[in-house]
Amino acid sequence: MALLKVKFDQKKRVKLAQGLWLMNWLSVLAGIVIFSLGLFLKIELRKRSDVMNNSESHFVPNSLIGMGVLSCVFNSLAGKICYDALDPSKYAKWKPWLKSYLVVCVLFNIVLFLVALCCFLMRGSLESTLAQGLKNGMKYYRDTDTPGRCFMKKTIDLLQIEFKCCGNNGFRDWFEIQWISNRYLDFSSKEVKDRIKSNVDGRYLVDGVPFSCCNPNSPRPCIQYQLTNNSAHYSYDHQTEELNLWVRGCRAALLSYYGSLMNSMGAVTLLVWLFEVSITIGLRYLHTALEGVSNPEDLECESEGWLLEKSVSETWKAFLESLKKLGKSNQVEAEGADAGQAPEAG
């Protein structure tokens, strides 16, 4: 028995075709939106590629771009089919291909749903990518004279200013690396020598941070050196006083930014997916309603449209059986090819 059967007369078929035509062209616009979102995300990821590990994935933006293009193509074609469905002579050329086209639409909807899920799940992979990338970027902060790394200081400073953050997980990350170039160290100074000797790796470590970590909203002039030395500053206690630095780490700031982007894009993609599913269902009803017209010359006759020709369980069984038959036919062809090669070998 057909699933969700609906009766159609000529007036209802025309209204369905016209409604689907309009929905398809709206979906073309939605496809352009998805394409634009994917392009925007790709550009934003490229902007921060210097503070991301080399393994950062552009799968999600590339998928959004691809699905946006496919949405425009498929819905333009579906709009043409719906327009021609009003004319029996024009619809005849689409009739042999419509069932296959519906299968392609179902596959497209499945992939679109998976892409929407990927938008929500990208945060995990992005977190590890940012953690390693920011760590490397901070390590190369001092290499202003090294070709290929001379831009890293400017990149990190602009990042910390724009996102109001400091370090990877926090400002103390700067205490663990030498971020001042040897070029600007006075090696004749006893303080510099003592600091380098006190470190196992021979690095010049200080309890200070770059200027870009300073919070301009603080009423006190920025304290960026000797942050843990209370006696170095008047009326200062680093354990109890709120420092005039950005407290949040840049990894958390970037994750928050990209996370909000991905959630918004995932929500938009899900809405487009729901719209595409409704179009596919409408196309299925239009297809079965037109197929059910008993007398093509009598356009006023009633017909029945349905979503599935059989129940869900029966349709699933038929699908599994078709897969088994396909597998057996491939196996027979392979055995026939092996048998044909055996006499030649003899």
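Using N, Cα and C of the backbone, Cβ positions are placed for all residues, glycine too.
Quick caveat, the model's predicted, so the values are computed rather than measured.
As written in Swiss-Prot, here are the features:
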type     : residues : note
TOPO_DOM : 1-24     : topological domain 'Cytoplasmic'
TRANSMEM : 25-43    : transmembrane segment
TOPO_DOM : 44-61    : topological domain 'Lumenal'
CARBOHYD : ASN53    : N-linked glycosylation site
TRANSMEM : 62-80    : transmembrane segment
TOPO_DOM : 81-99    : topological domain 'Cytoplasmic'
TRANSMEM : 100-123  : transmembrane segment
TOPO_DOM : 124-264  : topological domain 'Lumenal'
CARBOHYD : ASN229   : N-linked glycosylation site
TRANSMEM : 265-290  : transmembrane segment
TOPO_DOM : 291-346  : topological domain 'Cytoplasmic'
REGION   : 341-346  : region 'Interaction with MREG'
Relative to the transmembrane segment (265-290), the stretch among 25-43, 62-80, 100-123 with the most Cβ pairs under 8 Å is 100-123
May I ask for the distance between ASN229 (N-linked glycosylation site) and ASN53 (N-linked glycosylation site), taken between their Cα atoms and rounded to an integer number of Å? 35
Which has the fewest other CB atoms in a 10 Å radius around its CB: ASN53, ASN229, the listed glycosylation sites? ASN229
Take every residue in the region 'Interaction with MREG' (341-346), average their pLDDT values, and give the whole-number result. 54
With a Cβ cut-off under 8 Å, give me the same-chain residues at least six positions beyond the ends of the topological domain 'Lumenal' (44-61) that come close to it. 38, 115, 118-119, 122, 125-126, 128-130, 132-134, 136-137, 151-152, 155-156, 159, 250, 254, 258, 261-262
Within the topological domain 'Cytoplasmic' (1-24), how many residues are helix, strand or coil going by DSSP? 15 helix, 4 strand, 5 coil
Over the span of the topological domain 'Lumenal' (124-264), count residues by DSSP class, listing helix, strand and coil in order. 66 helix, 2 strand, 73 coil
Are there residues at least 6 beyond the ends of the topological domain 'Cytoplasmic' (81-99) whose Cβ is under 8 Å from a Cβ of it, and what are they? 13-14, 17-18, 20-21, 24, 283, 286-287, 290, 296, 299
